[in-house]
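What TrEMBL says about this one:
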- 1-98: domain 'FAD-binding FR-type' (DOMAIN)
- Arg51, Pro52, Phe53, Ser54, Gly73, Thr74: FAD binding site (BINDING)
- Cys205, Cys210, Cys213, Cys227: [2Fe-2S] cluster binding site (BINDING)
Amino acid sequence: MELLSTKVISNEFLGDGFFLLKVKNLWGTEISPGQFFQIRPSKGFAPFLSRPFSVFYADIESLWFLIKLVGFGTELLLEKKKGDTIQLLGPLGKGFPERPGVTLVAGGSGLGPLFYYAKRTGNYKRFLWGLKSKPPEGLENLLKGLNTFIVTEDGSKGEKGLVTDFVDDEEDRIIYACGPVPMLRSLKNFKKAQIWVSVETVMACGMGLCFGCSVKKSSDTGYFRACKDGPVFNLRDIKI
């Protein structure tokens, strides 16, 4: 884990609020799918807190982050141009272990760590991605070659419904998931599967010091820190 200033390689707006930020990789390639970085647009105090983003892809030269425009912090990141400097702290957290026969289930911008898992390992059974509506073309193009099964709530692309409607309790015995809480919660209905989820929560420090990212244990014996103990958890171990 290191806090370093790095250069922006490119920053591409993909449509529908999504943009792909690529920066120079100063951290090496031992970054697991599901791990994240705390990103600060500048050395100043705007915004006061850095923002956590899962790694979308990593190679020896670059780190990629898929970011959804949601507020002031992400607006500042969207404004970054090639050659600009930003600060990254990481890699942080615990990622997904590599296992054979995994079904990947992503919801919306939760695509990030699962895209990286698919690209890094190539070792998965199915890759399901659910959205409210048709994804922007720029984002969909990134998925070429990954045999992604797309589900939209309005039926504008792929199958119509919720992505969890297409999970099979008999066939999908190991599931890795990331997405909105209702999606993750509904996966608890699949009793036969081993399920690991990457939780999306507010993280202030990223190092387990502030307890701002606490996730309640299913045993009612306390809390996990998503940034330190996760963000990837066995779904049966947490309350969501």
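Each position is counted from 1, following the chain as shown.
Each Cβ is built from the backbone N, Cα and C atoms, and glycine gets one as well.
Surrounding the centroid of the Cβ atoms of Arg51, Pro52, Phe53, Ser54, Gly73, Thr74, where the record places FAD, the chain contributes additional residues within 8 Å, namely Gln38, Ile39, Ser50, Phe65, Ile67, Leu77. Mean pLDDT for the domain 'FAD-binding FR-type' (1-98) in this predicted model: 91. Compared over the binding-site residues Ser54, Thr74, the count of CB atoms lying within 10 A of a residue's CB peaks at Ser54. Take the CB of Arg51 (FAD binding site) and look out to 10 A: across all protein chains shown you find 24 other CB atoms. Around the Cβ of Cys210 ([2Fe-2S] cluster binding site), a 10 Å sphere holds 14 further Cβ atoms from the protein chains shown. Ranking the binding-site residues Pro52, Gly73 by other CB atoms within 10 A of the CB puts Gly73 at the bottom. The separation of Pro52 (FAD binding site) from Cys213 ([2Fe-2S] cluster binding site), Cα to Cα, is 11 Å.
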